[in-house]
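Input: a single structure, listed below in structure tokens.
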Amino acid sequence: MNYNNEMTSNTLQFYLFYGLMYSVMSIDYIYHVNEEDSPHTYIGDIAADSNLSNPLTHQQLTLITFTQLQRTVSSGSHLFNVTSLGKLYTTQTLDAEKLCVYKKECSRTVKVAVRKEETFLKILKIKIIIEDINDHQPEFPSNKLKIKFDETDGKGSTKSIPNAVDKDISLPNSKIIYKLKDKSKTFSLSIFKESDGINLLKIILEGMLDRELKDTYMLQLIARDGGSPPKEGILNIEISVIDVNDNRPTFTQKLYNTTISDTHHISSPVFVLSATDLDSGQNGNINYFLHRNTNEYDKKYFKLNHKSGEIFINDNFFRNKESKYQLYVEARDGGNPSLSSMSTLIINVINNQNNAPAINIDFISPLTKTSTAISEASKIGSFIAYVMVIDTDNGPNGQIKCNIHHKMFQLSNMGSKEYKILVKEPLDRETIDHYVVSIVCHDMGSPPLKTKKQFSVKVTDVNDVEPHFTKETFQFLTYENQKVDFPIGFINATDPDLGDGGQLTYSIINDNNNDNIPFQLTKYGFISTSQPIDREVKDIYNLQVLVKDNGTPSLNNTANILIEILDKNDNAPYFIFPNNDPYNLDVHYHPHSKKDITILKASDKDTGNNAFLTYGILRSNDKNLFTVNSHTGVLSFSRTVYQNDAGTYELQFIVKDGGTPVQSATTAIILTLFVSNDTSPMLTAIHSQSDNNLNMTWIIIIVAAAVILSVAVVCQ
């Protein structure tokens, strides 16, 4: 279908029909579409034609949504599709002959809900007229026909031939004109239109027949319809010169009208057809058929006994509904060729039962036939479903009342047994994500009949909750010098939102754009080293971590990370004093000098036991003259200094840390000792005696002197 042409045609027809049809049929808009157009054929723009966009800005217009309602086979609305933007399309190839009745307007009605965001605006009733096209050619019951003339028949004798039928449902597509292809001196075609509009076709004998000269004649009858371009059907007629069947069956009435109850029993005839034929024998033997002009929808509910003319309802007969069916019936004799006639039977069905209401729910966002989805951001009054209640009973039995008893949803009456379901209270998926709702409808009969229909509402998530860390500060310990990608710990946050709104990504905030942070954080919250860490450079890292969800808009939160770097014994101690190796030191000693000489000073960049230092002398202390405090590093004389101690000493010292393994450093001091003359002048000959030996010598001398003195006293 050409889009521009269709738009012009549809718009014109819309304005022509709108005023008249709205008041008569409560139809809002009328569109036309040709049958046999391909599926998804564009029909019209409801949004534009309804003029809803006139007072709206472009941004407001994008909030208008159209939803097709009641897409059922029985209503025929399943043949069409209305997009959310209001575009009307066909869903399949339309066949007017299968959908509609002969010579009647072929149309279907579609209901469309219009809403702005979640707010219900109105329901439009759209009528689509299916235009018949000339897609069928006239067809005879068979493309070959044999008829017989008695050779004794005189000029003007006639033989009836069957009509052609064009399945098209409209004029002039179904109007048929007949003619013989070639003129014949022996036979001609007679066409007589009866009061019921049916053509009576006859072959007329124009001359005398002589079977001995010629016993067979061949004619071609052309049936041409009134379509543009026209289509033709051809009947090849073989005429044998013998007796023929020249009377057709006749129904007792051209129109029959009968009424049955919707409780009619399947074994009882609805109606019995009756026709007569003046012919005798096989030519007067009548069989009954449903004519091809009968609508397929009406035909499927009935079956016909071809011999008796009895019409019965089928097993699939739709009860509990007042309706009318129109059957075209044909009486056909057993002659050759067979002759037939038609009549019309109208069957009226009345409803005598009290039936419970039937509830049909059409969801705006269906999940299944009995469930729907709605966003937790939906406002109060949001339109979530259209409800139509069907009760074909009469009087109070067909009057209904419906209710929803639920704190979150309400039922709003639209009239004509139509309702809409609206949001009554704010929704919060994180509190309740699923509701089961019941609609209860009852009629006003006595006793009233009640129907309950249950459906479920799934509350869909919006990103309305920000992520939350399980701690305000995450503390971790790790040793220095670990390899790259060494695991430190795990950061954890939670988000009750679903989908992308609950998917979290972690990152370290680097406000100073400092690329030297020796840590890396995966988007899943795992912290590891990104480079070797030296505690001696920095021993505590205070970081800030960001978590954000993947919702739209994205929500985020922050927390603190404190990472303390533990020491490894990776540094050897070093001497601060002496600062030269070897170091020259002159020491002047006199009797009043203190024992302390100097203080060795060392340091270690490590911490704890790894930096706990102890001092010692390695060599050149053969006289045991010097000692060093292992903890303070104080170098002092370990005994009394004598004049013979004067001299130069090459002392080597060591400092060790407390780590594992132990690390150490050494240094040397060249110490020159000067001893004053006031120091122990009488013991200059003593070289290598220890203080203990000197003291013992003095004791011996004193004791010997005392003994001598005692002996002398005694002797006197």
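Placement of Cβ uses the backbone N, Cα and C atoms for every residue, glycine included.
Note that TrEMBL annotation is computational and uncurated.
If you look up TrEMBL, you'll see 25-140, 141-251, 252-359, 366-469, 470-575, 579-683 marked as domain 'Cadherin'. Taken from TrEMBL, the feature transmembrane segment covers 12-31, 696-715.
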Notebook entry, point to check: Which numbers of helix, strand and coil residues does DSSP report for the domain 'Cadherin' (366-469)?
Noted result: 4 helix, 58 strand, 42 coil
Margin query: Averaged over the domain 'Cadherin' (579-683), what pLDDT does the predicted model reach?
Written below: 90
Notebook entry, point to check: Could you give the number of helix, strand and coil residues in the domain 'Cadherin' (141-251) as assigned by DSSP?
Noted result: 0 helix, 50 strand, 61 coil
Checklist line | Recorded stretch that, among 25-140, 366-469, 579-683, has the most CB pairs under 8 Å to the domain 'Cadherin' (252-359) | finding: 366-469
Note to self: Can the domain 'Cadherin' (366-469) be said to touch the domain 'Cadherin' (25-140) if we require at least 3 CB pairs below 8 Å and skip pairs under 6 apart in sequence?
What the structure shows: yes
